[in-house]
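*Asks:* After the structure tokens below, expect a handful of questions from me.
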2 protein chains.
Amino acid sequence: MSDLAERAARLDADDPLADRRDLFDLDDGVIYLDGNSLGALPRHVPARVADVLTRQWGRMRIRSWTEGGWWDAPERIGERIAPLIGAAPGHVVVGDSTSVNVFRAVISALRMTPGRTEILVDATTFPTDGYIAASAARLAGATVRAVHPAEVSGALSGDTAVALLNHVDYRSGRLHDMGTLTDAVHEAGARVVWDLSHSAGALPVDIGSHNVDFAVGCTYKYLNGGPGAPAFFAIRPDLLPRLDQPLGGWCSHRDPFAMDTEYVAADGIAKARAGTPEIVSLLTLDAALDVWDGVDLRQLRAKSLALTEFFVDCVNQLAPAARSVTPAGEDRGSQVSLSCVDAERVMAELVARGVVGDHRPPDLLRFGFTPLYTRFADALRAAEILGEILA
Amino acid sequence: MSDLAERAARLDADDPLADRRDLFDLDDGVIYLDGNSLGALPRHVPARVADVLTRQWGRMRIRSWTEGGWWDAPERIGERIAPLIGAAPGHVVVGDSTSVNVFRAVISALRMTPGRTEILVDATTFPTDGYIAASAARLAGATVRAVHPAEVSGALSGDTAVALLNHVDYRSGRLHDMGTLTDAVHEAGARVVWDLSHSAGALPVDIGSHNVDFAVGCTYKYLNGGPGAPAFFAIRPDLLPRLDQPLGGWCSHRDPFAMDTEYVAADGIAKARAGTPEIVSLLTLDAALDVWDGVDLRQLRAKSLALTEFFVDCVNQLAPAARSVTPAGEDRGSQVSLSCVDAERVMAELVARGVVGDHRPPDLLRFGFTPLYTRFADALRAAEILGEILA
């Protein structure tokens, strides 16, 4: 047994989260390192969704809205996500896409900073955040400036209304310092919106202790909520009474079934809702979140860092033609991005050989390490196959 | 056998759509007259969704985006809805809620009518449309005026940018004249947005021949797409190149996987998308739409009118304390609303006795007649039980 194989065996044997893997359907032998794009299926989800369809929809029908827990599903599921991102209870709601929630957050933040007209956007952001910020700016008479996260502090000014930042860079896997950046934005008198799409479920996030104003993120990556699962929206408790969002619909009304012609926002986090919630997708997510029951997020982080560090060591030994562009240690999310020649073809060969990551143009191979179901042995085998392909 | 029972038996025997009922799970003996709120479950849907979860998500995982038909599901499902609303192929897309799509349509319409600042909103609208129009107006520097549909023509002026109208009044069940109203709006140089939530799947809609600019609507009522199923957005073909919507995200970009920082809208109807589509809800709807294969919408309309007329006849004879407030004949959608004393309690008793409609404050009992699965015998039995309760 090689040193690396011995190390993998020891790390897997000592992994306190090892039993979580059995909760997922990964029986096909694929080494799935794309949970940062689409989390794997928790085994129990199909039976739960079958109940949603056959009993709740099929038999209870309309009564499920009131008697079956459909109406308040957005808030109830938000309550389950709150501890995963460090949000206060009652201040997270789930629904719509991340794009729509970025729009909701940016417009709301602009309305809290009257007289200021500039939106700072993380220049390394996943593109949709920048597109939506530009659209929000156009509607609100603001402007957008793209700045690298390292330059945010220097770019803040008395005209900065809001900074829209990604917690983890989707390309490089770099984890940004939420506390320092949030403090800097607040010192400038601006609001911050954090996109947690690549950190929620990948590591402990604590928007509460960092006084984050708004946070949004998707639930289909490390939270395993299913393809296109609804996004979350979180707000700092003292800001909730002032929340003035642009998509208030009948489901965010104080008294939805009074069918008033006048809009009056709900008091609680329901005021961040809009239209009828996407129940089948929401309850798929609700079921999927069961895999988090009892998980210690410090153990999750420790395993994630050990997994990615081990993978980089394996790559350095077995596939030296690929080079990690992901920072080490605490500056790393839960992915490793490797730069190599002919990356698109290399990823296609990896997939053909049962190692699933993804490719980001021009030269990156991305590998997500989902601590709930990825084994150290998987990391080693992926590096071995990559080495064979690159050799 | 009473005259009404004989009439019901004859009408059911002659119903060319009678066999469609078997496609739905209605085996519990409930008389379900709430398909105008939540359509019943088509029997085949759970098996299809199980495949989405276990095979497409569980085994193909990320590959389903490209190889499994997930990526273009919004356009593909829009293509199936197009003939039901008379839209041109390639000009309908499905995703987000009706509220979000109203926002998308109203902002887009305002941008097509520069210099005009007034939004006319149907004063009888389902409330969310009015709330969203007010929010869009606030962002765009426009104003909202609520006018009764009968007064729209007189209210139009050179300052009218857009009229937001409901095809069927959700309370009274009145069907508005799409052709006449659309012509009037166009003569005033304005754009029209029709909300088809209560007509799509209830009767033949023909936005194409009426030159409708924008149409939106939900898919969980007469289209039976499941609770909170995604909404559709349709646009007139000659307006698509000019569409400039406020929620353009990565999924409406011309080249989504290039991950450009600059937003360039797609050429086709994909430009009306936003973020990652809600796949589980979308593919639930996709499966549900199979019940429309081969349906003749003229037969659907004929049955709907016969059903609602028969129900009103039954109520007049058997439950005369209730009074229909729904217009007769061609001015009727596919629902009947009855005004009666103590309506909320009466509906609760109806539900307890297995007749499910709903109550709209203060005095209305609403009954939806879904032509695909409601029998004339159901209409009679509902009226009989209502008569017993009111006696």
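Quick reminder: no glycine exception, Cβ is built from N, Cα and C everywhere.
Features from TrEMBL:
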type    : residues                                                                                                   : note
BINDING : B:THR98, B:SER99, B:PHE126, B:PRO127, B:THR128, B:ASP129, B:ASP195, B:HIS198, B:TYR220, B:TRP250, B:THR276 : pyridoxal 5'-phosphate binding site
MOD_RES : B:LYS221                                                                                                   : N6-(pyridoxal phosphate)lysine
*Asks:* Using a Cβ-Cβ cut-off below 8 Å, which of the recorded positions B:THR128, B:ASP195, B:TYR220, B:LYS221 are near chain A?
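*Replies:* Among the recorded positions B:THR128, B:ASP195, B:TYR220, B:LYS221, the ones whose Cβ sits under 8 Å from a Cβ of chain A are B:THR128, B:TYR220.
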*Asks:* What is the one among the binding-site residues B:PHE126, B:TYR220 whose Cβ has the most other Cβ atoms less than or equal to 10 Å away?
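*Replies:* Per the Cβ count, the most surrounded site is B:TYR220.
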*Asks:* Around B:THR128 (pyridoxal 5'-phosphate binding site), how many other C-beta atoms are within 10 angstroms of its C-beta?
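*Replies:* Other Cβ atoms within 10 Å of B:THR128 (pyridoxal 5'-phosphate binding site): 26.
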*Asks:* Cα-Cα, whole number of Å: B:THR98 (pyridoxal 5'-phosphate binding site) versus B:LYS221 (N6-(pyridoxal phosphate)lysine)?
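*Replies:* Cα-Cα, rounded: 12 Å.
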*Asks:* When you measure from the Cβ of B:ASP195 (pyridoxal 5'-phosphate binding site), which residues in the chain that are at least 6 apart have a Cβ under 8 Å away?
*Replies:* B:THR98, B:VAL102, B:THR125, B:PHE126, B:ASP129, B:LEU164, B:LEU165, B:ASN166, B:HIS167, B:ALA215, B:VAL216, B:GLY217
*Asks:* What's the CA-CA gap between B:LYS221 (N6-(pyridoxal phosphate)lysine) and B:THR128 (pyridoxal 5'-phosphate binding site) in angstrom, rounded?
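*Replies:* B:THR128 (pyridoxal 5'-phosphate binding site) has its Cα 16 Å from the Cα of B:LYS221 (N6-(pyridoxal phosphate)lysine).
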*Asks:* Write out the long-range same-chain contacts of B:THR276 (pyridoxal 5'-phosphate binding site), meaning residues 6 or more apart in sequence whose Cβ is under 8 Å from its Cβ.
*Replies:* B:TRP250, B:CYS251
*Asks:* Determine the Cβ neighbour count for B:THR98 (pyridoxal 5'-phosphate binding site): the number of other Cβ atoms within 10 Å of its Cβ.
*Replies:* 28
*Asks:* Taking the Cβ of B:LYS221 (N6-(pyridoxal phosphate)lysine) as the centre, how many other Cβ atoms fall within a 10 Å radius?
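*Replies:* There are 27 such Cβ atoms around B:LYS221 (N6-(pyridoxal phosphate)lysine).
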*Asks:* Express in Å, rounded to the nearest integer, the largest CA to CA distance found among the pyridoxal 5'-phosphate-binding residues B:THR98, B:SER99, B:PHE126, B:PRO127, B:THR128, B:ASP129, B:ASP195, B:HIS198, B:TYR220, B:TRP250, B:THR276 named in the record.
*Replies:* 31
*Asks:* Name the secondary structure element type, per DSSP in three states, that contains the residue listed as 'N6-(pyridoxal phosphate)lysine'.
*Replies:* coil
